[in-house]
Amino acid sequence: MSKRTQDLATTHANGSVDSATAPGASKRRRLADPVLDTPVELLASGRRTSGRHRPVEDASRQATQQQQAPGTPGGRQQRRAAAAAKESLSTPKRAPAKPKEKTPKATPKKTPSRRNGRRRSVKVEEVEEEEPEEEEGPEEEEAPEEEVEGDDEEEVQVEEEAEPVSLTPLEEKKQELAKLISDNDSRVRLLFHLKQFVSLVFYDPAEAKQDQSSVWEQVSMRESIIGTRTRLTQFQQNYDLWTKYLERKTGGHMRSTRRQIRSKQGALEDDFVIKLKEEMTAVEEEEEEELVEEEEEEEEEEEQEEDEEQEQQEEEEEEQEEEVTSRRGSRRSAPTKAKGKSKTASKTSKSKSKASSKSKSKSKGKGQARASKLSKSRRYVNAVDSSSEEESDYDPNKPYDVSKEVWEPIDTGWLLPDSEDEYYHFDDKFAQHMFPNGVKLKLNVSLKPPRVTHPAHLLLDVAEGQTPDNRERLEGFMSSFKLLDEEMTLEEYEEHYERELETLDKINEMKREGVLQGLADEEEGESLTVAEIRRGFNDPERSTRPTHWDHVVAQACHFAKLMADERKAHVSQAKRLAAAVDQHFRRLEGAEERDKKAQAKLLKTMARKMAQDVMRRWKLAEKVVLKKKEQEAKEEERKQGKKKLKEILENSAQLLEARVRGDNDTPETEEGEKEEVEAVSDDAMSDVDMEDDREQVEVDTRDDDELTVEELRAKYAALDNIKVERAEEEDEEDEENGDDEDEDEEEDDAEIEEETETTTPALETPIDTPAEEDEFSSDTDITLDSEDESSSEQESDYEAETTAPGLAALMGGPKAIEEDEEEDDAFVIKEEEEEVEVEDDEEEEKADTEVDRKVETVSEAVGEAVEEIKSNGVESKPTSNGVDVTELDRVTPERAPAVEPPFLLRGTLRAYQQLGLEWLAGLYNNDTNGILADEMGLGKTIQTISLLSYLACEHHIWGPHLIIVPTSVMLNWEMEFKRFAPGFKVMTYYGNPVQRREKRRGWNKEDTWHVCITSYQLVLQDLFAFRRKRWHYMILDEAHNIKNFRSQRWQSLLHFNTVRRLLLTGTPLQNNLMELWSLLYFLMPSSRNQMDMPGFANLKDFQEWFSRPIDKMVEGGVDEEAKTTVSKLHQILRPYLLRRLKKDVEKQMPAKYEHVVYCRLSKRQRYLYDDFMSRAQTRETLKTGNFLSIINCLMQLRKVCNHPDLFEVRPIVTSFVQEQSVITPYERVSDRVKSLLVNTVDGGYAPSEVSLSFLGFNAELEDMSTHEATSFRKYHNVQTVKNRIRELEKFCPAETPEEERYNDIEGHYKHMHHASFQQVIGSLKRVEYLHQIALAKKPVYGRNLVEVCTINTSRLQPDRPEETNESSYHWQLTHLRHPTVQECANNMAPYIERFACITPKAVTLNMAELSLGGIGPILQQRYFKQVTPKKSQRVVVGPPAAIADPFHQAQVKLSIAFPDKRLLQYDCGKLQRLATLLQDLIAGGHRALIFTQMTKVLDVLEQFLNIHGLRYMRLDGATKIEQRQLLTERFNTDPKIPVFILSTRSGGLGINLTGADTVIFYDSDWNPSMDKQCQDRCHRIGQTRDVHIYRFVSEHTIESNILKKANQKQILDNVVIQDGEFTTDYFNKMSVHDMLGLEPDDDAAPVADTLNLSGKNLERALAQAEDADDAAAAKVATKETNLDVEDFDETQKENNKGATPGSRSTSATPMEKENTGELSSAMDSPTPVATPDVAVDNGGGDDDDSDSDESDSGIGHIDEYMIKFIEDGWFW
C-alpha cells in the first residue's frame, strides 16, 4: 500500500465503520444501488442513511446522535455542546482537552489566520504516531499512514478523540460530509472496476486508488455548482453527488440565472464564513435566552421594534431573507433568487440577533418563523478548519491547482476491506477542494426504523463500542465460490457437477409434484428465458393464511362498516325529506306571483307571434311585388333581345347575299335576280299574283328540261337572296304584330309543309364526265386524299355522336334522304349501302333531314324554286353555305372556277376541295372569319394551304400566318407544306426554352419566315412573344378543343392581334349552346372594324333565343316556335360554317360490305364451354351481379370461343412412374431365396461382397497395418475411464438405499443423490465397453504382410485376348434356345414404329426383372451400365456403349406424347372457318387484315399461318411507333404478303392499310370504336376496291347473343361516349342472362345495380379481366389516342371560373356579370304571378263582414291593398 493511501486512511476523525461491514451486509448491499443510494438520499433529504447503510454506533456516532433539537430529551446536552463550541470559537487561544487514551504527545501550534481584518489563532495538535510493521497473513493489513504535504513536509497524524464533546458541531458536520463524499468516490471506484473488469474476484480499495490507467484518467474539467472548477473523470461525472442532488431539487434543470450566480458568489466570500460563525453563535445565545427568559425577550423585541425606523426594518428583513436563501441554496446546491443586494458583514452579532428576532416576530405564520426554527436545529459547515489550514498548502485566495493533486477516491462497494482504516480515507485538501470558501450545507439528521421485509434485513446484535469482525465474513464470502476455469480441480468440478445434477433432479421432481408451478416443464419443451432468469424472485412475504382471530377482526370491521353505511343512509334520507318539505312550503308561498308572471309572459309571446305573422305577410307581399317587377324587366329585356337578334339576322342575310352575288359573274344573272326579287315581293302582297307566278314557274319548269346544268345554276342562283329578303319581311311583320303570330306566315308554312310531305326527295345525281373520272383515277396526278389528316382516327370517335337529333344535324350533319317508291323512281339513284344497316340511325337522319328541309323553306319563293327543281326531277340539296351539293359534284372543266388554283400549290384539288377554297376566299374577301368543319379525311389541311397560297398569289400577302395545332400533328403540317407548298418559309416552333428563344431571334424581320406552326401548349408558355406580334391569319386546328370560354387558352387566344381567323374541326358541333357560342364569339371580334356585326350577342341572350327550342327538338317535340327559332339560328350560322360529309362529296369512294360469319364450336370447345357454365361458382357469380366477377367470367368464355388453348392448354401426356410393381411384394419366397443363394455361372450373378464378420473375422480391417492398429490402441487409453468408475463406486456405496419416500425430505434427497451417482456410473461403464470393442478390432494379417507377400505378375505374362463367344455348349445350339432380346427388338421394330402411340397411364421400373426372369439383371448390367465387381466378370462381351438399347424405341414412343400441331386448327371452329376463307380470298387476289383483341390470339394465328405456309406481317401493342410506318408501307407495296394480323389495341396514329380490301374481325373488341377505327384503316379515301368486312361469331355462345341483342336494340354504339371512356349504358340495357342466353332469374342482380364506377375505374376493371399484355397494349393505345389531351387540359379552369370573356377593346362584354355561367333556359313570355292565398284566422266569424266592408269601400282584399301599398312606394 502506498504512503499516500495510508495517510488518507488516517484522516478520518472517528474511524467509524460502514454498515456494510456488519454481518449480512454483503447480501443487503446487493439489493441496493452500491453507488447512488446513500449519498443522494442523504443530500436530498438532509438525513442520515437507513439502517443498511448506517455506520455502526461507535463513540463518535453516539456523541453525534446526542445533539438533538431543544425539544428532545437530549436537548440540554446539545446546548452544552453548543456552549462549548461557542467558547472554543470565542477564545481561540484555549487548547482542546487531550484524550485519555494512549496516544503520542501532541504539540500545540498556533496558526495565525486573518478574516476581514481580524486576526485569531487556532491551536492544532500535531500527533505523531509510529507506523506499525507490516505483517504477513490474509487477516492482517498494513497500518494506514497519512502524509500531509507542507513547507517542512511533516508527517502529522490526527488524534482520535474519545470524548464526543471535544469536536464542535460544525467540525463534526464537516467531517460527516467529507466522509459521504469520500464514500461516494470509493463506491464509484468499485463500480468502475466491476464494469470494466468482468471477472473481478477480489477488490482492494487501496489498490484501486492507485489506478492511473488511461481509461480512468480521461479527465474533463467542469464548472462545479459552487463556482470552482472540479476535476472529475468522465465516469465520475455520471455519479457526481452535487449533480444528482441538484437534478433532484430542480427537476433536471441545472441552469441558474445571473442573479442566483451572483448571490452564490457573494455568499462564498471569505468574510461570509466569519459572519456565519458569528450568526451561529448569536443564534445559540438567543435560543438559550429564549428558554430561560422568553417573556423578557418578547418585551425587548417590542421596544426595539417601536424605536427602529421603517426603512431600517425593511433593510434588515431583506438581509435576513437573503441569508436564509443563501443557506438553502448552499445546502441544496440549487439556484434560488435573491431578493436584495448582498450586504457587507460589518454589523455586530448583537444587531444580527436583533434583526433576526424582529423578522421572526413580524413574519409569524408566513414563512419567516419556519426559517428561524430551522436555524435552531441546523448546523453549518465551517469551510476553514484551523487544524488543516496550517498544515495544508491550500490558500483560499488562490485557485486550487488540480494538476498537482493525485486523486485516489475509495469506494466500499459490495466487497468490504479487512480493516476499518482501509475503508475510510479522508483528506483535508480534498474537502477544501470540494467545499472551498466555507460552503454552507444543512444536514437534518433523523433516524427512521428500517423496514424489515426479510430476515436478512435484521441487524446483528453487537455490543456497544464493539466492532464486528468482518474479516471472517470476507474470507467466507471469498471461499464460498470458485472460478470454474481457474481454481477448481477435476475432482471438485465433478463434485460440483454432481451437486448441480442433484439440484436439477430435485427441481424436476418438485415441478412434477406441482410444488414449483411457476417454472416450465422441460419435458414439455418449455424453458425459462433469459429475461425471466434475470428478473429474479421476490423476497418472501408474510404468510397470507388467515387465522381465527383474523376472521374475528375482519367480521368486526365489516359490521362496523355496515353500521356506518346505515347511519349515513339515515342521515341522507332525513336530509332529502327535510328538503322536500321545505320546497313544498316554498312553492305554496309563491304560487300567485308565478301565475301573474306566466300570464304576462303568455301575452308577450302572443304579441310577438302576431307581429311576426304580420311582418311575414308584408314580406310575402314584398316578394310578389319584386317578382312582378322582375317579370316586367325580363319582358323588356326579351324585347330588346329580339331586336338585337333581328339586327344579327339582317347582318347575316347581308353577308350571305354578298357571298351569292360574288358567285354570279354575268350581268344577266343579276338582272334576273332583281326581277325575281321584285316578283317575290309582289307575290307576297296578293294571292292572285302568287297563283300566276306559280303557273309561270310550271311553264319555266317545263322549259328546264331543255336547259344544261350551267344554265340551271345561273337561273336559280338568286334563291338565297329571295329567301333572305322574305325572312326580313317576316321579321318586320313579327315586330309590328308583337307576340301574335302572323296568320299569313302560318298558312304559308303549312302549305310548304304539305308540299314537302307530298313530294319525293331524291338523291343528288352525280353527272361525271369521262374527263372527271380520269382526273380522280389518274395515278400521275397528286390526289389530295386523307393521308394528310393524321388525326383521322382520333376524330372518328366523334362521328358516333352525330346521330343524335339537335344542333349537330342542323349544321351539316348526316342527311339521309327518304326514299319514296310511289313517286318518280327514274330520278332515284340507289347507293350501295352496308349489309348490316342501323335502322335507328336511318330514322334519326330522316327526321333531321325533314326538319332541315322544313327550316330551309322559310319563304314562299323558296318553295316555288323547289317546285321548279322537282319538275326537272332533281332536287338541289342546299348546304350550310347556300351552295347546292349538286354544284359540288358537277365541277367540270366546262365551268371555270370562281377562284383559280394558286400556282404555288403543287397538286390537283378535288372538286369539293376547290369549292372549299372558293368558300374560304369568299370569307376573306368579305372580311369575315369562319369555321371549316368538313368530315375527317376530306383534306382540311390542303384546303388551308391552298387558302394561304391564294393570299400570296392573288393578294400578295405572304404572312406572317400562325397555325396552332395539337402536338401530335405538328410534323404532319410541316411535311404537308413542304409537299404541296414548298414556296413558303415554314418555321416549326418547338423545343426547350433555349431553342425557342433562338428561333424567336430576328423573327420580326420581314420575310424571315411566312408560316409559324406551333402547339397550344407552347403558345401559352410563350404568350408574351406571340401576343406582341401582329398575325395576318390565325388558324386553329382541332378547334373543338377551345369550346370552353372560361379556359385560359380561349381567353389568351381571343386577344391575339390578328387580321383574320379560321377554325378547323372535323367534329360536328354538339347541342351545347355554350360551346357553340364560344366558337362564334371567338370569330366575331375580327368583324368589329367593318361594323358588319359589332360584336356577337352575350351568352345570356344567346341562350334565351335558342336554348329552349333546341331542348324541345332533342326531347322530340317540334312545334312552330322551335322551327322558326332554329331557322333563325341556321341563318346566323350559314355565313360562318362549312361542313361536308364523305358520302356527299366523294362519290368515288368504294362501298363497304359487312358480313357476319357464324362458326360452330369444336368438340373440345363445347366441352370446355359447357363445363365452365355448369360450375357452381360461375352460377353464383352471375347471381350476385358483381361487375368485376361477371367481366372475368365473360372474358373466360371469350377465350374458349377464340381458342381452347387460351382457356386450358392441351397437356403433354406422360406416364406415372412407380419404383416397384404391385405384384412385387407377392413373389414366391422360394424365388427370392434362390435369387440370393444360388450363384449361377452362365445366367446368374455372384454376390458382390463376402462378409465374414459374423464368423469373427474382421476382413474389412485388412487394409490396416498392424502398426496402425497398435498406435490406435495406444492413444485411446481406457484406463482413465476405469479409474473414474472405481472412484465413483467408492464414493457412492453399491447398496441401494431405502425406498424413495416423499414425506421425508432427507430420505428423498438421499435417494435422488444415489440415483444420480448410479446414472453417471452406468454411463461411464457403457463408454468403457464401447471403447473396448472398438480397440479390440485388429487385422488378421495386416496390409504390411500382404504387401510383402504380393508379387506383381502383370509384367511377367502378356495380356490375354478378350473372349467374344460364350464357351457353353448350349449357347451354340441356336435352334434349341429362345431368341435373344436384341433379336426380339429387331423383329418388333416395325410394329412399334407403326402402332406405338398411346402412352400408358403408369409404368414400373422393375418390370424387366419380372418379365425377363434371370436375364433381367444381366441386361440391366450391360445396357444400363451397372458395373459388377471384377471378380465376377469372367466373360467380356465388349464395351457397354457399343451395344444398342433394345428398349429405346419403345420407350421413346410410349414415354411422352406431344399434341399434334394440326390439332391447333381442329380444336377451334373459328380457325377451321378462317382456313377456308383465306383460301378463297387468296385465290381471288384479295388481301386481308385480321384483327383481334387478345395478344395471345395473335400467337395462335402465327402458328396457324406457319402451318399453312402463308406469308404474313404482325403488328401489336408492343410494336414501336417508328416501326409501324415501315410495316404499313411494306404491306401496301408488297402484294406477295396476303395477310396482316393486327391487334385492335395497336394504336391508330399513322396506320393506313389501303393495300388490303378485306377486314376479318376474329373477335370483337369491348369498345366498338376500336373496331370502327380498324375498318377506317382500310375503308378510307384512297381505297380503290370495295371493302368486305367479315366478323367471326361463335354460334350459340355469348358472342352470338351479344350480336343478336345489339341488332335488336341498337346498343352497340352506346358503349362508348365522350373522351373515349366506357360507361355502363351497354350493360344497363342488356342483362347478363341476355348475353349468356340464360333464362331470366328474378334473384339475379343487374350489373348496373352493383356497379358504380366512373369511366377510368371501369376501364381499369376491364383491364383486370384481360391478360397483362392486352391491358398494356390497351393502355398504350389510349395514351396515343389522348396524346394531345395535355395540350387541351384546362389547367386554369378553377382560376378562370366565372370569368367573362371580353372584347379586344372597350366594347361591350359578351356576357353580363350577373349572368355569367348561367345555362338555364330563359322564359319566352312573362309568367303570370300567382297571388298567394293567405288568410289570417282571428278566431271569430267576422271575417266575412270585414271583407265585405272593404270591398264595398273600394279598398278590395287585404292582399291587394298590401301589394298596392308597396307598389306606391310606402313600404320602402
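Glycine is no exception: its Cβ is also placed from the backbone N, Cα and C atoms.
Annotated features, as they stand in Swiss-Prot:
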BINDING   Asp934, Glu935, Met936, Gly937, Leu938, Gly939, Lys940, Thr941  ATP binding site
COMPBIAS  61-71  compositional bias 'Low complexity'
COMPBIAS  107-121  compositional bias 'Basic residues'
COMPBIAS  126-163  compositional bias 'Acidic residues'
COMPBIAS  282-323  compositional bias 'Acidic residues'
COMPBIAS  338-379  compositional bias 'Basic residues'
COMPBIAS  665-695  compositional bias 'Acidic residues'
COMPBIAS  727-757  compositional bias 'Acidic residues'
COMPBIAS  770-800  compositional bias 'Acidic residues'
COMPBIAS  818-847  compositional bias 'Acidic residues'
COMPBIAS  1740-1752  compositional bias 'Acidic residues'
DOMAIN    536-609  domain 'HSA'
DOMAIN    921-1086  domain 'Helicase ATP-binding'
DOMAIN    1470-1623  domain 'Helicase C-terminal'
MOTIF     1037-1040  motif 'DEAH box'
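Least crowded of the binding-site residues (Met936, Leu938), judged by neighbouring Cβ atoms within 10 Å of its own Cβ: Met936. In the structure shown, across all protein chains, Glu935 is the one of the binding-site residues Asp934, Glu935 with the greatest number of other Cβ atoms within 10 Å. The number of other CB atoms found within 10 A of the CB of Gly939 (ATP binding site), across every protein chain shown, is 25. When Cβ atoms from all protein chains are considered, those within 10 Å of Thr941 (ATP binding site) total 25, not counting its own.
Counting residue by residue with DSSP, the domain 'HSA' (536-609) contains 61 helix, 0 strand, 13 coil. Taken residue by residue with DSSP, Lys940 (ATP binding site) is part of a helix. If you average pLDDT over the motif 'DEAH box' (1037-1040) in this model, you get 82.
Shown for the compositional bias 'Acidic residues' (282-323): DSSP residue counts in helix, strand and coil, namely 39 helix, 0 strand, 3 coil. There are 24 other CB atoms within 10 A of the CB of Lys940 (ATP binding site), with all protein chains counted.
For Gly937 (ATP binding site), the count of additional Cβ atoms within 10 Å of its Cβ stands at 23 [all protein chains shown]. For the motif 'DEAH box' (1037-1040), residue counts in helix, strand and coil come to 2 helix, 0 strand, 2 coil, using DSSP.
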